[in-house]
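Asks: Swiss-Prot lists these features:
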- Gly31, Ala32, Ser33, Gly34, Gly35, Ile36, Gly37, Asp57, Asn117, Ile140, Ala141, Asn142, Met251: NAD(+) binding site (BINDING)
- Ser33: O-linked glycosylation site (CARBOHYD)
- Lys203: N6-succinyllysine (MOD_RES)
- Lys215: N6-acetyllysine (MOD_RES)
- Lys239: N6-succinyllysine (MOD_RES)
- Lys239: N6-acetyllysine (MOD_RES)
- Lys239: N6-malonyllysine (MOD_RES)
- Ser246: phosphoserine (MOD_RES)
- Lys269: N6-succinyllysine (MOD_RES)
- Lys301: N6-succinyllysine (MOD_RES)
- Lys307: N6-malonyllysine (MOD_RES)
- Lys324: N6-succinyllysine (MOD_RES)
- Lys328: N6-succinyllysine (MOD_RES)
- Lys328: N6-acetyllysine (MOD_RES)
- 1-24: transit peptide (TRANSIT)
Amino acid sequence: MLSALARPASAVLRRSFSTSAQNNAKVAVLGASGGIGQPLSLLLKNSPLVSRLTLYDIAHTPGVAADLSHIETKATVKGYLGPEQLPDCLKGCDVVVIPAGVPRKPGMTRDDLFNTNATIVATLTSACAQHCPEAMICVIANPVNSTIPITAEVFKKHGVYNPNKIFGVTTLDIVRANTFVAELKGLDPARVNVPVIGGHAGKTIIPLISQCTPKVDFPQDQLTALTGRIQEAGTEVVKAKAGAGSATLSMAYAGARFVFSLVDAMNGKEGVVECSFVKSQETECTYFSTPLLLGKKGIEKNLGIGKVSSFEEKMISDAIPELKASIKKGEDFVKTLK
């Protein structure tokens, strides 16, 4: 049922170029000058769903904004530079996307980014809590398994926490799963949908191939290899880029897909489903990614895990200890802040 509800991967990006969509979303990108931020900002500028695009970073944002502002689409673009300009960037925003932070290099795990990115995310989300407390917050900055608990605890500190509006963007895992399944089966990836649950790092990434639409079957050895490739796809890109960065273009695509789905739902479109790492009661983990029915106020309904195979069931139980540790690490970090 979950997979049937979820739209094919590219449908939402295609819609973002249609002229009938409401053009009213005010979107901020924090970390807009970086490897993900620039192509993400380009995709957002290209969409009629967005009426105002505000870009923030600690360097180069005026140039990125000037460059994007010449594109012949409706969204107005303005760049903001440095902490003193951050409040103005956020005022009146409906959606804030946070790709800010340092990328992975070869040999690094997403968790190795924690010390740097935890501080960046805490600082940026604190500003969001003060200047756009009602906005949808979409966190791309890794490690997502920790940066979402950080975001939640920061919002709690400011007394404006709403669990239905804070999202860890795991969409790239779904995009990769769709692509890799389509490659193996000779299908159009735009017509494949694989729910991916759990978290957004290594073995916490749990593709539910048994729930794939259309239904696909793999022998166990191929299924194990496919699952491993989906889990380590980010590392595949880091290695291929040989020290020159991590997944930026595919992450920008996935981030834009999630934002467009969210804005569609905020505009009243029904049946919009995306997986995301959010506050959850679906497992013993306090945060967990599952398919979510999105609505005007964020999460309308958590659609849960659904029926899974014994292979997937084992992956879920194996992921929980690591997820719990990452969640605790994020929550404990906020306790150390002034």
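Every residue gets a Cβ built from N, Cα and C, even glycine.
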Asks: Under a three-state reading of DSSP, tell me whether Lys301 (N6-succinyllysine) is helix, strand or coil.
Replies: strand
Asks: If the NAD(+) binders are Gly31, Ala32, Ser33, Gly34, Gly35, Ile36, Gly37, Asp57, Asn117, Ile140, Ala141, Asn142, Met251 per the record, what's the largest distance between their Cα atoms, in Å?
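Replies: Largest pairwise Cα separation, rounded: 18 Å.
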Asks: Rounded to an integer, what is the Cα-Cα distance in Å between Gly37 (NAD(+) binding site) and Lys203 (N6-succinyllysine)?
Replies: 26
Asks: In which DSSP state, out of helix, strand and coil, do we find Lys324 (N6-succinyllysine)?
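Replies: The residue in question, Lys324 (N6-succinyllysine), is helix (DSSP, three-state).
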Asks: Give me the Cα-Cα distance between Lys301 (N6-succinyllysine) and Lys269 (N6-succinyllysine), rounded to a whole Å.
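Replies: Distance between the two Cα atoms comes out at 14 Å.
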Asks: In whole Å, how far does the CA atom of Asn117 (NAD(+) binding site) lie from that of Lys239 (N6-succinyllysine)?
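Replies: It is 21 Å, counting Cα to Cα.
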Asks: Give the distance between the Cα atoms of Gly35 (NAD(+) binding site) and Lys307 (N6-malonyllysine), rounded to the nearest whole Å.
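Replies: So the Cα of Lys307 (N6-malonyllysine) lies 38 Å away from that of Gly35 (NAD(+) binding site).
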Asks: Quick one: of Lys203, Lys239, which of the modified residues has the smallest count of other CB atoms within 10 A?
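Replies: If we count Cβ atoms within 10 Å for the modified residues Lys203, Lys239, the smallest count is at Lys239.
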Asks: State the Cα to Cα distance, in Å, between Lys328 (N6-succinyllysine) and Ala141 (NAD(+) binding site), rounded to an integer.
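Replies: One finds 17 Å between the Cα atoms of these residues.
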Asks: Measure from the Cβ of Ser246 (phosphoserine) and count the other Cβ atoms within 10 Å, all protein chains considered.
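Replies: There are 22 of them.
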Asks: Out of Lys239, Ser246, Lys269, Lys324, which of these modified residues is nearest Ser33 (NAD(+) binding site) by C-alpha distance?
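Replies: Checking each of Lys239, Ser246, Lys269, Lys324 against Ser33 (NAD(+) binding site), the shortest Cα distance is to Ser246.
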Asks: Going by Cα-Cα distance, pick out whichever of the modified residues Lys203, Lys215, Lys239, Lys269, Lys324 is nearest to Met251 (NAD(+) binding site).
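Replies: Considering only the listed modified residues, the nearest one is Lys239.
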Asks: Spatially speaking, which of the recorded positions Gly31, Ala141, Lys239, Lys269 is closest to Ser246 (phosphoserine)? Use C-alpha to C-alpha, please.
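Replies: Going through Gly31, Ala141, Lys239, Lys269 one by one, the Cα closest to that of Ser246 (phosphoserine) is Lys239.
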Asks: Tell me which of the recorded positions Gly31, Ala141, Lys269, Lys307, Lys324 ends up closest to Lys239 (N6-succinyllysine) in space, Cα to Cα.
Replies: Ala141
Asks: List every residue in the same chain as Lys324 (N6-succinyllysine), at least 6 positions away in sequence, whose Cβ is under 8 Å from its Cβ.
Replies: Glu284, Cys285
